[in-house]
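**Student:** Below are the features listed in Swiss-Prot for this protein:
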TRANSMEM  4-26  transmembrane segment
TRANSMEM  33-55  transmembrane segment
TRANSMEM  59-78  transmembrane segment
TRANSMEM  90-112  transmembrane segment
TRANSMEM  159-181  transmembrane segment
DOMAIN    207-287  domain 'RCK C-terminal 1'
DOMAIN    295-375  domain 'RCK C-terminal 2'
TRANSMEM  385-402  transmembrane segment
TRANSMEM  406-428  transmembrane segment
TRANSMEM  449-471  transmembrane segment
TRANSMEM  476-498  transmembrane segment
TRANSMEM  505-524  transmembrane segment
TRANSMEM  539-561  transmembrane segment
Amino acid sequence: MDTVRWIISTAPEIFLLLAVAIGTMLGRLKIHGFAIGTTACILIVSVLIGQLGTFTFPALLRIVLFSLFVFTIGYKSGPEFFASLSVRTLAQVAMALVLGGTGLVIVLAFAFALKLDPGTASGLAAGALTQSSVIGTASGALAQLGLPKTVLEQQEANIAAGYAVTYVLGYILTLLYVPFAAPKLMGVNLKDEAKKLEVELSGGAPPKTENLSYRKFQARAYRVTAAAGRTVKAIEEDIGSRTVIERIVRQGADIEPRLDTVLEAGDDIVIAGRTAAIVAAKPIIGTEIDADEILKAIPGNVLDVLVDNRNLHGRSIRDVADRIGGDARGVFLRALTRHGREAPLSADTRVYVGDVMTLVGSTRNIERAAKQVGQIVRSGDRTDIAFLAAGIAAGLLAGLVSFKVGGIALTLGGGGGALIAGLLCGWLRSRRPTMGAMPPAAQQTLSDLGLGGFIAAIGLANGHAAWVAIQAHGLLLVGMGLVVTLVPLVVATLFAYHVLRMNPVITCGALAGAMTVDAAVTGACEIAESQTPVLGVAVPYAVGNVVLTVLGPIIVACTFVG
């Protein structure tokens, strides 16, 4: 033990990294398909390791780690958050606000009734509402109150205890509530409602201007006989299904396939579009030919395009196609991805900022259409460190600004400032794609390492006090956590279904998004046997990340007694 104590006093960072490593490995273990999650496991492991001795970490380390995490959260959510400030998505925003507001009211009610200290109340909110970032924002707010060191450490220990006890409970309850309890509360069968929604989304005739096809794309070569003397436009309209003539070869020379170009007998042409339409085009054009060289010369491509045009936010694919019009000629939509999950495709599927469209067609055509949609996702592995560092620095500076609430001087704190900076930087990146690059892999690394390191530092430094608090108030925290998790979910469900008249399938996805529990979306999709719940996730997820994070300073302000 003397050696262990020597390492603790000399190099405590070794145990911090060990806690992150062990907690991450345990968090990935699945039992009957269920995993606790890395954040909770890191905290539990660090609290247990904290029983070995007294760990001391510089405040700067925790500030930097948490700032990296919360800035990245803001960066990822920024485009969706600002785009959600729209009439078209007002219902989903309102639902997320109601859920977060209800959670805040219940936490404060418990705090006043049971005289909970700010740390315990903040930990309860962080765990029961499954939002780890509340730990950081609450800790930052407490640090600004000028508390004695021992008092501040006890408050941080209480945050850790409240979170450790209630997070797993809140996570499990959300996983069970969204796919099972919510549909029963609304009086619907989720599977049947999903089928109805799919029919509704796929209903109606395709619009004339809908050039974004959600069918399989194929290109074939024909030699013109029957189509001689007709224009490209006439042939494309005759074949239908948004088929496009991509190439014309006349006597060995390429002819630009403009809409008014007249085809001649003997021309070799390449048409692209739905497989069924192309196969049926033979009597309209002529004989299909084996022309590998002609087909190889077509610069076909499959590119992902990030939707960042706010004018398209909340609109249907049909509406998006109408707005893009002729610029989408020859471009086909193969997939729509939202938060890493593929959304069901139909003419009425809604598109949101932050979605990724997988487009198929010639490179030229895709690049033309992409200008109207957003930005092509280029493969790259470099992060704009200058942009990242400057953004976090600006956020930390903004966090120093103070204002008074009830005679208490409060600030956004480093966490709140970094969150706002991340939101603005993420939005700015969507407006100016040439600056502020942060590839998804880098975002995930910064987020995981920042939060994991911060949580480990909290658990190690306050391990003994947190363990004492858990032993003293564990059952009480469990009871409060159950209420803080379930009541906001129930209120939000009833509000969305009966007041906002939201589709029950969309409501289930929105509940998971507002609680920022991705796994609950997967559960809803499995019960519904459909991907339609994914359609409700995007906006509440972005709003929920922001709303729940700022609860930390609010709870501290309302419960602190000087």
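Start at 1 and count along the chain as shown; that gives each residue its number.
Every residue gets a Cβ built from N, Cα and C, even glycine.
Describe each of these features in terms of where it is and what it packs against.
**Tutor:** Within its own chain, the transmembrane segment (4-26) has Cβ neighbours under 8 Å at 36, 38, 41-46, 49, 52-57, 448-449, 452-453, 456-457, 459-460, counting only residues six or more beyond its boundaries.
For the transmembrane segment (33-55), the residues of the chain that approach it from at least six positions outside its boundaries are 4-5, 8-9, 12, 15-16, 18-20, 22-24, 26-27, 132, 160, 163-164, 167-168, 171-172, 175, 448, 451-452, 455-464, 466-467, 519, judged by C-beta separation under 8 angstroms.
Long-range contacts of the transmembrane segment (159-181) within the same chain: residues 34, 36-37, 39-40, 43-44, 47, 119-124, 126-130, 132, 135, 138-139, 190, 458-459, 462, 466-467, 469-470, 473-474, 477-478, 480-482, 484-486, 489, 508, 511-512, 515, 517, 519-521, 523-524, 526-528, each at least 6 residues beyond the stretch ends and with a Cβ under 8 Å from a Cβ of the stretch.
According to DSSP, the domain 'RCK C-terminal 1' (207-287) comprises 17 helix, 30 strand, 34 coil.
Panel annotation: around the transmembrane segment (385-402), residues 63, 67-68, 71, 75, 140, 144, 409-422, 424-425, 435-438 of the same chain, lying at least six beyond its termini, place a Cβ under 8 Å from a Cβ of the stretch.
Packing against the transmembrane segment (449-471) from elsewhere in the chain are residues 12, 15-17, 19-20, 23-24, 38-39, 42-51, 55-57, 61-62, 65-70, 72, 120, 132-133, 135-136, 139, 153-154, 156-162, 164-165, 477: each is 6 or more residues past its ends and has a CB under 8 Å from a CB in it.
Non-local neighbours of the transmembrane segment (505-524) in the same chain are 35, 92, 95-96, 99-100, 129-131, 171, 174-175, 177-179, 182-183, 186, 190, 193-194, 197, 339-341, 489, 492-493, 496-497, 530, 532-541, 543-545, 548; each lies 6+ residues outside the stretch with a CB under 8 Å from one of its CB atoms.
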**Student:** Which bits of the chain, at least 6 residues beyond where the transmembrane segment (476-498) starts or stops, bring a Cβ under 8 A of a Cβ in it?
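**Tutor:** 91, 94-96, 98-100, 102-103, 106-107, 110, 114, 120, 124-125, 127-130, 161-162, 165-166, 169-170, 173-174, 177-178, 181-182, 185-186, 470, 504, 507, 510-511, 514-515.
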**Student:** Mean pLDDT over the domain 'RCK C-terminal 2' (295-375): what is the value?
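**Tutor:** For the domain 'RCK C-terminal 2' (295-375), the model's average pLDDT rounds to 81.
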**Student:** What parts of the chain pack near the transmembrane segment (539-561), using Cβ distances under 8 Å and only residues at least 6 beyond its ends?
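**Tutor:** Sequence-distant neighbours of the transmembrane segment (539-561): 70, 73-74, 77, 80-81, 84, 89, 92-93, 95-97, 99-100, 103-104, 107-108, 111-112, 116-118, 121-122, 125-126, 129, 131, 133-142, 145, 339, 352, 354, 405-406, 408, 410-413, 415-416, 419, 423, 510-511, 513-516.
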